[in-house]
Amino acid sequence: MSKPNQNEHSNLKESPQANGDIQNTQGQYRSISPPASPVAGTLDDEQFSTYFEENIPIPDDVTKTFSFRKLWAFTGPGFLMSIAYLDPGNIESDLQSGAIAGFKLLWVLLVATIIGLLLQRLGARLGVVTGMHLAEVCHRQHSLYTLLHIHTFKPPPPAQVPRIILWLMVELAIIGSDMQEVIGCAIAFNLLSVGRIPLWGGVLITITDTFVFLFLDRFGLRKLELFFGFLITIMAISFGYEYVKVGPDQGELLKGMFLPYCQGCGTPQMEQAVGIVGAVIMPHNIYLHSALVKSRQIDRRNNEEVKEANKYYFIESTIALFVSFLINVFVVAVFAEAFYKKTNKEVNLQCNASGSPHTELFPMDDNPLEVDIYKGGVVLGCFFGSAALYIWAVGILAAGQSSTMTGTYSGQFVMEGFLNLRWSRFARVLLTRSIAIFPTLLVAIFQDVQHMTGMNDFLNVLQSLLLPFALIPILTFTSMTSIMDDFANGLFWKIGGGVVVLIVCAINMYFVVVYVQSLDSVALYVLAAFLCIAYLCFVCYLAWQCLIALGISCLDVSCLSGGVSNNRPALLIEEQPAYDT
């Protein structure tokens, strides 16, 4: 098999549809071409575009090694991606980590952020090299594998079941993430209004302002990215104020961050460590980042430009996740210093002395303090004054608003990519928002704030379950030379990526098992058993494809069946038309 042209990537090669031939690469996969796009600037482009009404030009610079002008031009997608590391679910995980384990789990947060950066790198490279985001590649590549007729070699019939299942799983992850973000916004509005705005009112306000903010990109892509940067700045200032106000022990903080230990930790601390990984690494965020990087003008026929774009996107992502890591550290350190080993009785007495109207939230017992986003703001107000409570609420509101907007973008990219549909902008926003808002609104109407924040535990478990449906595809596709050409993963990234995916999935499955055991219901155990069988079957199917892409060709059906004559592949992937209308 001949090596692909060095200056031509698979997305620019002649489509196999043009002549009906099937182009084979590595024995089982075929090259793909990006979907056609409408002419820029037309009415259809404005009607159907998602985030990409303009592409940012990259300035020419004679500097060969590094250019701040180019870095600034590439800055934007990484910071939008980093917002998922600052959503209300992550903030709640941070404060619970500090209250339960003190500074001892900061190293877990650091490791999880580094792993997240490496996974985001794969997503960004896929988008830069192919010109398609992960959902679009899944649409082209994920069809139900079927055996060819050995004698006729006819192509398999259309079979889209795995692709639809994968789409539903990713949509479910987005819905779960959106619910956490909307819950955070509703709680923030409730705290800022001293309970005058009910939770369902906060959900409705979130619906309205999300629709308004999502159309800010019509004023220019850079202005939208600056708006997200402004929200991140608000979070940094808000949680940074809490950090300065509390004044954590810097020695203990550094010790907890760089010494991987957890002396005296029991089951609650171990479960919290697993929860940190599940909250930080979110499945829909990889789909989002692979789409956002398409917003820059890159000549994908030029290997040097593609290599340069990968370099600057990685630098930008590193800076963005470093900022998000610092904000998360602020939250962990505040609750580790002020509320680690505090009891409900101590907090109750302090809240009563400060005149807080929320004293009843903390029973008069000696059990360890349990906090969430809502209680976290209350205890800050009790110990450090009402200003600390309101500033906390402002930070949570910024986190919820920014993450719910990026969550909507994720929903639009995923829907367009997997289903290959081109709906009007308003219809897409309406559908993706409604799917997430309605369940949250029903809970807000019929339940109190305790049930609202309690949903986060279930939603974190859901995110953990759905993580393989992002990690396995991204590792699979970035390891295929038929897709990535010269930029496919090398041996180090294949082995390292496989180990990381295996560890992350194992950790999150442990988190799920612990949660199911806590339900203490035979009926739920039986239901969970049936769901696990179906779940594991599909994960094994994805893992099988991934292992073949990583070079374990003996897992191919052709090997298992004793080989196929003429070296023809036993498995093929169906090519799809550019767009379904």
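Residue 1 is the first one shown; counting continues down the chain.
Keep in mind that glycine also has a Cβ here, set from the backbone N, Cα and C atoms.
As annotated by TrEMBL, compositional bias 'Polar residues' applies to 1-31.
Residues annotated as region 'Disordered' in TrEMBL: 1-37.
Residues or ranges marked as transmembrane segment by TrEMBL: 98-119 (among others).
For 197-217 (among others), the entry in TrEMBL reads transmembrane segment.
The annotation transmembrane segment is assigned in TrEMBL to 224-244 (among others).
Here TrEMBL flags 273-292 (among others) as transmembrane segment.
Here the transmembrane segment (313-336) has Cβ contacts under 8 Å with residues 71, 74-79, 81-83, 85-86, 90-91, 94-99, 101-103, 105-106, 109-110, 113, 116-117, 120-121, 124, 128, 232, 235-236, 239-240, 242-243, 246, 248, 252-253, 256-257, 289, 293, 371, 376, 380 of the same chain, all six or more residues outside its ends. Taken from TrEMBL, the feature transmembrane segment applies to 313-336 (among others).
Annotation comment: TrEMBL describes 373-399 (among others) as transmembrane segment.
TrEMBL lists 426-446 (among others) with the feature transmembrane segment.
Sequence-distant contacts of the transmembrane segment (458-479) (same chain, at least 6 residues past either end, Cβ-Cβ under 8 Å): 89, 93, 119, 122-123, 125-126, 134, 137-138, 141-142, 166, 169-170, 172-173, 176-177, 179-180, 275, 278-279, 281-287, 290, 488-489, 493-494, 497-498, 501, 504-505, 508-509, 511-512, 515, 535, 539, 542-543, 545-546, 549-551. As annotated by TrEMBL, transmembrane segment applies to 458-479 (among others).
Remote same-chain residues near the transmembrane segment (491-516) are listed as 115, 118-119, 122, 271, 274-275, 277-278, 281, 457-458, 460-461, 464-465, 467-468, 471-472, 475, 478-479, 524-525, 528, 539, 546, 550-551 (criterion: CB distance under 8 Å, separation of at least six residues from the stretch ends). The transmembrane segment feature in TrEMBL is assigned to 491-516 (among others).
What TrEMBL records for 522-544 (among others) is transmembrane segment.
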With Cβ distances under 8 Å as the criterion, find the stretch in 98-119, 224-244, 373-399, 522-544 that has the most pairs with the transmembrane segment (273-292).
98-119
Folded-back contacts onto the transmembrane segment (224-244), same chain, C-beta under 8 angstroms, at least six residues removed
51, 75-76, 79-80, 82-83, 86, 213, 216-217, 323-324, 326-327, 330-331, 333-334, 380, 384, 388, 391-392, 394-395, 398-399, 401-402, 405-406
Grab the same-chain neighbours of the transmembrane segment (522-544) for me: Cβ-Cβ under 8 Å, and only residues 6 or more beyond its ends, written as numbers and ranges.
162, 165-166, 465, 468-469, 472-473, 476, 505, 516, 555
Same-chain residue ranges lying at least 6 outside the transmembrane segment (373-399) that approach it to Cβ under 8 Å
83, 86-88, 91-92, 95, 181, 183-185, 187-192, 231-232, 234-235, 238-239, 241-242, 245-246, 334-335, 338-339, 347, 350-351, 354, 356, 358, 361-362, 449, 452-453, 456
